[in-house]
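Novice: Before I ask anything, here is the structure I am working with.
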Amino acid sequence: MRPEIPDKFNQRLIHLQNHLKMSQPTGDFGLIGLAVMGQNIILNAADHGFNVIAFNRTTSKVDRFLENEAKGKSIEGAHSIEEFCAKLKKPRRIMLLVMAGKPVDDFIETILPHIEEGDIIIDGGNSHFPDTNRRTKYLAAKGIRFVGSGVSGGEEGARYGPSLMPGGNEEAWPYIKDVFQSIAAKSDGEACCEWVGDEGAGHYVKMVHNGIEYGDMQLICEAYDIMKRGLGMQDKEIGDVFAEWNKGVLDSFLVEITRDIMYFNDDDGTPLLEKILDSAGQKGTGKWTAINALDLGMPVTLIAESVLSRCLSSLKAERTRASNVLSYVGRSNKFEGDKKQFLADLEQALYASKIISYAQGFMLMQEAAKEFKWKLNKPSIALMWRGGCIIRSVFLKDITAAYRADDNLENLLFSDFFNKAIHKAQPGWRDVVSKAALMGIPTPAFSTALSWFDGYRTKDLPANLLQAQRDYFEIPRRKGYSRQLDRTWWKRFRFYLPSINWTKILLMGFMPKKLAIWEMYLDHACNE
């Protein structure tokens, strides 16, 4: 007969079992950073059945969140990094939504002592892709799988479905795919989230997304300016035009909100837009795109012009002075013609210019993939942008289809669909740019899009003269070897063939042939 266990011992055993049960990790996903974006991602994940652990450096914010927005949901708080990591199931999935730069590195170093090999850290902030490249390599050496993910859609997108662009250590993807594709926006039943590529590819694609966003916004602003100042239309009437455009090929989030802005009146019944200062701010991601395009030697002109247009807008005081000094000189700054037809042309100009902007953006991503040896999934990128993000539009379905039909498509303009669209839009597009110039209305984005298109479709550009000018002032004024000249010696030498003393060359036959010819070329060039 077994001896009876004392009640006191039973109570201790039950207490120990409860303690062990409570200390077992319960978190499916952890998030650090309880600003609005972080809170909304947590609420979104909880709505999709994940138990989320929340942490913030200011722990009182954790308590407020649990007592309010997170109350009654499968969300737990932590008051230290140690507690936060201990509550997460393995492999731990930790997402950072903190300020880009040093705060990301600081949190990574704080987390590292409390996690182990195979765990995953995700940076969901607006980090610059070189930082993500560095962090991916640094953490891989420690056995930690790092992901840099673009997150687009703002606060509402974070709550109800953002566009997510993850890249980094691909070994992490099978472990985060369920969470990411569950909380992401959906378009035609497909999640607006797919693996982008290695290292900083996810943040790079987000950077280009933001650059294209700059371009889209600038184009819409120029269309508004043409209607407002060129056609003399009131905000309500302009809103009606945007509402109509939003039913066709220009159906998009940005056109939709522009319509709403045009309709919005202040408390006194007057349009609010008229009271907003015409000086635009920027956070820097558009600038990153333009700088990277220059670094890679890619002519991403529309995004660059959009960034510079914001810079020009910030010179408000200077522009005000200039408006009193620099006057319009031309035949007439008033529109003359068929207004209805011109508005139809303006719609086509906006559509064609958007095509150019996206064509340039995808060109840049293709070049970056070559430069950094990334394997970018272009159809998936277009799909990720179809919903949940700022540039979402029906237009992106056509881009997805183009790249699904031919993943090796060199340029969007080479697809039948976009080739025909640009061909159809050209007459109106050209008319809008020329009429705006005649009226003295600046259209930097429309104009650069058209100029780029004309340059891209031109077989022989005047760059031959430019190169000749470079050759002219690069020719050395002394005899000798020049690596720059030698690199293209034959192209330059051929222009001097008729006037070279071939007898002298033959007499110099003992010299290496190329050096002898080169000597004669320099003699001739330096005597010019």
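Residue numbers in this text run from 1 along the chain shown.
Using the three backbone atoms N, Cα and C, a Cβ is placed for every residue, glycine included.
Residues or ranges marked as active site, proton acceptor by TrEMBL: Lys206. Marked as active site, proton donor by TrEMBL: Glu213. According to TrEMBL, the NADP(+) binding site annotation covers Gly33, Leu34, Ala35, Val36, Met37, Gly38, Asn56, Arg57, Thr58, Val98, Met99, Ala100, Asn126. Under the heading domain '6-phosphogluconate dehydrogenase C-terminal', TrEMBL lists 202-491.
So where do these features actually land, and what's packed around them?
Specialist: The secondary structure of Lys206 (active site, proton acceptor), as reduced to three states from DSSP, is helical. Contacts of Lys206 (active site, proton acceptor) defined by a Cβ separation under 8 A and a same-chain sequence distance of 6+ are given as Asn126, Ser149, Gly150, Val151, Ser152, Met165, Thr285, in order along the sequence.
Sequence-distant contacts (6 or more apart, same chain, Cβ under 8 Å) of Glu213 (active site, proton donor) comprise Leu254, Gly286, Ile390, Ile391.
On the 0 to 100 pLDDT scale, the model's mean across the domain '6-phosphogluconate dehydrogenase C-terminal' (202-491) is 91.
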Novice: So of Asn56, Thr58, Asn126, which of the binding-site residues has the fewest other Cβ atoms within 10 Å around its own Cβ?
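Specialist: Fewest other Cβ atoms within 10 Å, among the binding-site residues Asn56, Thr58, Asn126, is found for Thr58.
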Novice: To see if you understand the setup: which same-chain residues, six or more apart in sequence, place their Cβ under 8 Å from that of Met99 (NADP(+) binding site)?
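Specialist: Spatial neighbours, sequence-distant, of Met99 (NADP(+) binding site): Gly125.
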Novice: Measure from the Cβ of Gly33 (NADP(+) binding site) and count the other Cβ atoms within 10 Å, all protein chains considered.
Specialist: 23
Novice: State, in Å as a whole number, the widest CA to CA span among the NADP(+)-binding residues Gly33, Leu34, Ala35, Val36, Met37, Gly38, Asn56, Arg57, Thr58, Val98, Met99, Ala100, Asn126 given in the record.
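Specialist: Those residues reach a largest Cα separation of 21 Å.
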Novice: Between Ala35, Met37, which of the binding-site residues has the fewest other CB atoms within 10 angstroms in the structure shown?
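Specialist: Ranked by other Cβ atoms within 10 Å, the binding-site residues Ala35, Met37 bottom out at Ala35.
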Novice: When DSSP states are folded down to helix, strand and coil, where does Met37 (NADP(+) binding site) land?
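Specialist: Where Met37 (NADP(+) binding site) sits, the three-state DSSP reduction gives helix.
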Novice: Reduce the DSSP letter at Glu213 (active site, proton donor) to three states and note it down.
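Specialist: For Glu213 (active site, proton donor) - judged by DSSP and reduced to three states - the answer is helix.
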